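Quick look at what TrEMBL lists:
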type: DOMAIN; residues: 1-54; note: domain 'Photolyase/cryptochrome alpha/beta'
type: BINDING; residues: 158, 170-174, 210, 213-220, 311-313; note: FAD binding site
Ligand SMILES: Cc1cc2nc3c(=O)[nH]c(=O)nc-3n(C[C@H](O)[C@H](O)[C@H](O)COP(=O)(O)OP(=O)(O)OC[C@H]3O[C@@H](n4cnc5c(N)ncnc54)[C@H](O)[C@@H]3O)c2cc1C
């Protein structure tokens, strides 16, 4: 891949290369390789920026100087840091438009053909195409409309109802955020405006509760950098790598299809299979059921989510699936 980047730089007489950090181990290794190759080129600069999160992973540290690894203190410190230095939340102005001659000069780039989809990555039929496109309309303005709708209609009751999937209480912005279609800074700027420009530690309790979830996303990226083996198919707590999981193909199939007979779990899996999305509370419960009740390797579930979720995000998914000693009772949870 670094050969291709280098060839592209040469073919197009490029002087500056910019990119955003991706924090997973393979991605960091890839970018280091590209950086080394570019370093050997005269007159080409290379810059990686932190854009996935408001606070760069590793910034918030404990008194002992190590990266914070516990959510509650991290959340508190995040609120203090963004209040003290509100420029963390600043939006970056869009780039100046290119001059008219660029369209002609760069024509061959715009003419390039889109690569075809890998096998098994296309919709299975027109009905599915229509359904998924209807649920997840593409593009930045669709994402911003969804954000506005959520802030106007739902956020005020988010703190009270966020764990009740039947109400569809959340923003459904995860697909837009994980694909980089809208940025967390855009989401937070709109939330702050809605909060009468107050910081997120005061004002509307729904806003505070929603922003706390966004901080969870930031925290998970901090953990991914602090515990790199977590991006390499290993649990954070390596003890869980010694678990002997069950080979239960029947249980697995029933779980995948939403036919376990446990309504709360089945509702979650059917939502996933129909919408390419699942409410957070159901994600927690279906994951707990697979690993703690069926005793099936959490990595199978993690992969099933990765191939079925429209909002798949390695950091959130891996850490959502991290094995733990918490076991959910799906009957009490449904109540
Ligand atoms: C087993 C499991 C797997 C998960 N897999 C993913 C995944 O692949 N991709 C993904 O984006 N989220 C994942 N999550 C986190 C969470 O379930 C989704 O982000 C959330 O349900 C998306 O719905 P929403 O946009 O309406 O969220 P809202 O409640 O409106 O929250 C706003 C945003 O905050 C972030 N967020 C919300 N909850 C969490 C959370 N618990 N952890 C981290 N970030 C959060 C998301 O970016 C979300 O869009 C997973 C959680 C679990 C328990």
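Even glycines carry a Cβ here, placed using N, Cα and C.
All annotation found in TrEMBL is predicted automatically rather than curated by experts.
With a cut-off of under 6 Å between the Cβ and any atom of ligand 1, the binding-site residues 158, 215, 218 reduce to an empty set.
DSSP assigns residue 210 (FAD binding site) to a helix. Between the candidate binding-site residues, 158, 210, the densest Cβ environment within 10 Å is the one around 210. Mean pLDDT, taken over the domain 'Photolyase/cryptochrome alpha/beta' (1-54), works out to 92 on the 0 to 100 scale. Counting other C-beta atoms within 10 Å of each candidate's C-beta, the binding-site residues 218, 311 are led by 218. A simple way to gauge crowding: the CB of residue 215 (FAD binding site) has 24 other CB atoms within 10 angstroms, across all the protein chains here.
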